[in-house]
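J.: According to Swiss-Prot, the record shows the following:
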BINDING   61, 62, 111, 144, 147, 279, 280  carbamoyl phosphate binding site
BINDING   89, 184, 238  L-aspartate binding site
């Protein structure tokens, strides 16, 4: 396993990840990928370790993926649900985390609707002198590092299944389309893709794509065509209705007419173009159903599988820095 230069105790953001660190994750995930296709889909790597999934915000894909990743590594797993917890009785988030610490948690996977909560808990664990690794599973509009890493792994293994490395994306044009404003996935992907040297283009209506996103190192387009022109990969993002406080698009129908990814529209892209979506997908809104279901064009199922391998890698790497 490639852990010799891994020094992170927590994974909270991809903004300060180096290309070398990204490569460590890619290489480690690639080694675990084979486990997923074996008859016995389990290794004893994290036997007797306790992983706690503290999801203060609803999640199906991410929580299930982290849980399965931990179990594939033979870890014990505790899942937290705020609806049936002492939070409803007035307990603070930090006290909840300390409760799981007292139960012997080695790693905490945290999702919260407000930005900064995983960082706050990680800092609290450090201040207490506890060697507990914290992984950000999505916080508000901030970031979703494991999704960014699994998308990176999906892209790189598509280009080279045997040796996925960051240099494969150097100069590749990647279009990210949709609700960039509310997307923590977009922020994590921007950080990692720019670090890899990719040519990143963002497309969306001005209400969902502020021009300040150019500061990330991407090109910003308020129409779809220039972003798709000769693109190698197209990543479309879900309209995040639950995070919108105002009516930022005229209608779902008009959004699809202007920014929906369809078979006709990807004719502008490279002939070998592939399409991604972090899920859940609003069929017929962000992407047409026929394109989503076309195995020759859609990488969406591969993203799900990649997520397990990448989260196995993160838990493994973090575990070497925790107690």
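Just so you know, glycine gets a Cβ as well, placed from its N, Cα and C.
Could you place these features in context, so I can see how deep they sit and what lies close by?
T.: Sequence-distant neighbours of residue 144 (carbamoyl phosphate binding site): residues of the same chain at least 6 apart with a C-beta under 8 Å from its C-beta are 62, 136, 137, 138, 184, 185, 187, 188, 278.
Under 8 Å, Cβ to Cβ, and six or more positions away along its own chain, residue 238 (L-aspartate binding site) finds 178, 179, 183, 277, 278, 279, 280, 281, 282, 286.
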J.: Taking the centroid of the Cβ atoms of 61, 62, 111, 144, 147, 279, 280 (carbamoyl phosphate site), which other same-chain residues have Cβ within 8 Å of it?
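T.: Other same-chain residues with Cβ inside the cutoff are 59, 65, 137, 138, 185, 278.
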J.: With the cut-off set at 10 Å between Cβ atoms, which of these binding-site residues ends up with the most neighbours? Options: 279, 280.
T.: 279
J.: Might you list, by sequence position, any residue in that chain lying six or more from residue 111 (carbamoyl phosphate binding site) with a Cβ less than 8 Å away from its Cβ?
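T.: Spatial neighbours, sequence-distant, of residue 111 (carbamoyl phosphate binding site): 54, 55, 56, 57, 59, 62, 63, 118, 136, 137, 138, 139.
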J.: Counting other Cβ atoms within 10 Å of each Cβ, which of the binding-site residues 62, 147 scores lowest?
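T.: Ranked by other Cβ atoms within 10 Å, the binding-site residues 62, 147 bottom out at 62.
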J.: Of 61, 184, which of the binding-site residues has the most Cβ neighbours inside 10 Å?
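T.: In terms of Cβ crowding, the pick is 184.
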